[in-house]
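A.B. asks: For reference, the structure I am asking about is given below.
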Amino acid sequence: MNENLFASFIAPMILGLPLVTLIVLFPSLLFPTSNRLINNRLISLQQWMLQFVSKQMMSIHNTKGQTWTLMLMSLILFIGSTNLLGLLPYSFTPTTQLSMNLGMAIPLWAGAVITGFRNKTKASLAHFLPQGTPTPLIPMLVIIETISLFIQPMALAVRLTANITAGHLLIHLIGGATLALISISTTTAFITFIVLILLTILEFAVAMIQAYVFTLLVSLYLHDNT
């Protein structure tokens, strides 16, 4: 109970060396590959899920947009597995760090925007000024659309950070309350424990949903620019 509420969000270190790099690389070990003619159930389930998500997400894209399929599928696997591993006890979740989420959001957003300006220059510039805008409002709308364009990567990163951080804080608070209530009221502690279990199940769903939402928004930004 004396532990700092935000201690779980501090990057772990050993002998003064940060372990974030190893933690970020670890989820890639959980997705095995097979060169066999007939795959086992785990790899078959993994391939089926990837095909299902890729068909649903990339069906709206043209040929140029579909070249991003491998990167977007890698992105959703990385964020989803990182979020799920962060729910384990005494673990660290890199996606609770705004700096890391910005490091993912800004290059992807910039790549989509640069692709749009390179391949569809007129259409990309047309987004800054909706058709039929009155002449006096043109400068204001151009400024507003420019600000909204540059806010997109920040919104991606903040959404992911806020949802994952809020869920971990709630689990930490309700878990601490359950331990404190055991010596006061067993019935109340049991009810709180049930709430904690339900919240943990919800966080598993949130971990997967946020990975899908992050990747889907990047896919939509790409669709608008290809």
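The backbone N, Cα and C atoms fix where each Cβ goes, glycine too.
Just lifted these from TrEMBL, have a look:
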type     : residues : note
TRANSMEM : 6-31     : transmembrane segment
TRANSMEM : 67-92    : transmembrane segment
TRANSMEM : 98-117   : transmembrane segment
TRANSMEM : 137-158  : transmembrane segment
TRANSMEM : 164-182  : transmembrane segment
TRANSMEM : 189-222  : transmembrane segment
A.B. asks: Report, as numbers and ranges, which residues of the same chain sit near the transmembrane segment (164-182): CB under 8 Å and 6 or more residues beyond its ends.
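C.D. replies: Residues packing against the transmembrane segment (164-182) from afar: 1, 5, 8-9, 83, 86-87, 93, 95-96, 188-189, 192-193, 195-196, 199-200, 202-203, 206-207, 210.
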A.B. asks: Can you name the far-off residues of the same chain, 6+ from the ends of the transmembrane segment (189-222), with a Cβ under 8 Å from a Cβ of it?
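C.D. replies: That would be 53, 57-58, 60-61, 65, 68, 72, 75-76, 79-80, 83-84, 86-87, 95, 104-105, 108-109, 112-113, 115, 152, 156, 159-160, 163-164, 167-168, 170-171, 174-175, 177-178, 181-182.
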A.B. asks: For the transmembrane segment (137-158), could you work out the same-chain residues 6 or more beyond its ends whose Cβ comes under 8 Å from its Cβ atoms?
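C.D. replies: Cβ under 8 Å, 6 or more out: 98, 101-102, 104-106, 108-110, 113, 127-130, 214, 217-218, 221.
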